[in-house]
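Visitor: Would you mind keeping the following structure in view while I ask a few things?
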């Protein structure tokens, strides 16, 4: 022990002598760990690419999100497998609805709201609400337009519910399926393309339809100018969500293919809105004339007055 103490004192004296000879020398304490500098990017950032990288994210952030959102998978024939698709709380749904109604320029909807926990709860109920809103509002609009006409008899058209359900649910599922398959195909040819999962694409399309629910209610107003202004406003909001989400995924592809992809997404979205407005609200309705009683069926009663 005595020799160990003498050794430590000798080392301490040597350090003191070195500091006295060179006051600018730095010392390292074994009790304090050295700080490891952060990893620097080896490649130079091109102008305008920093915002796109923020939209798509880095590999480290993707790995962190995948590990954070990793769940124990269950067989697809069990109830637990489908339960994970609806594992979302009210605050998350409201936050995603708010993000679809008020899109933030330069922000990716998938990375900002969906990727941590994609769900089918919000898209399913948004589509269901939109179906009944369009069908009921279309009947009310037809009633108010012909209100007061003696030759018109109101007949509720329940077939509009089935037509609206087929149209909206087919759009919310078949278009994402086609887009997902296209992105997977292009990803096999262009390595830089980022492919979203099918569930994420369904989420984006489902939440982007929410803006049409209040719009369909306002379509009851029997003014074509007001209706077309509303549909253009809603189309700009919901279409911008789709463009800001899918443009970063195809921007590294061939320029013509990327523009054609985004253009097709916008055109299909516009066709849904314009088609619903034209069919359920602006379709010409036939007036049913009141039945006319034939003259030979009318019996004349003659009374003799005294």
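The backbone N, Cα and C atoms fix where each Cβ goes, glycine too.
Sequence annotations record features per position, and here TrEMBL assigns compositional bias 'Basic and acidic residues' to 35-48. For 49-59, the entry in TrEMBL reads compositional bias 'Acidic residues'. Per TrEMBL, the feature domain 'Yip1' maps to 101-273. Taken from TrEMBL, the feature region 'Disordered' applies to 29-60. Feature annotation from TrEMBL assigns transmembrane segment to 120-141, 161-185, 197-222, 228-250, 257-281.
Are these features on the surface or tucked inside, and what touches them?
Guide: Same-chain residues lying 6+ beyond the ends of the transmembrane segment (161-185) with a Cβ under 8 Å from its Cβ atoms: 123, 127, 130-132, 134-135, 193, 195-198, 201-202, 204-206, 209, 246, 249-250, 261, 265, 268, 272, 275-276, 279-280.
Cβ atoms under 8 Å from those of the transmembrane segment (197-222) belong to residues 85, 96-97, 99-101, 109-110, 113-115, 118-120, 122-124, 126-127, 129-130, 133-134, 137-138, 140-141, 144-145, 168, 171-173, 175-177, 179-180, 230-231, 233-234, 237-238, 241-242, 245, 269, 273, 276-277, 281 of the same chain, restricted to positions at least 6 beyond its ends.
Distant neighbours of the transmembrane segment (228-250): 52, 55-56, 99-103, 105-110, 179, 183, 186, 193-196, 204-205, 207-209, 211-212, 215, 218-219, 257-258, 261-262, 265-266, 269-270, 273-274, 277; these residues of the same chain sit at least 6 beyond its ends, with a Cβ under 8 Å from one of its Cβ atoms.
Only residues 6 or more beyond the boundaries of the transmembrane segment (257-281), in the same chain, are considered here, and those with a CB under 8 A from a CB of the stretch are 134-135, 137-138, 141, 160, 163-164, 167-168, 171, 175, 179, 182, 186, 208, 212, 216, 219, 227-228, 231, 234-235, 238-239, 242-243, 246-247, 250-251.
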Visitor: Which sequence-distant residues neighbour the transmembrane segment (120-141)? Criterion: at least 6 residues beyond either end, Cβ under 8 Å.
Guide: 85-86, 88, 93, 96-97, 156-157, 160-161, 164-165, 168-169, 172, 199, 202-203, 205-207, 209-210, 212-213, 216-217, 219-220, 222, 276, 280-281
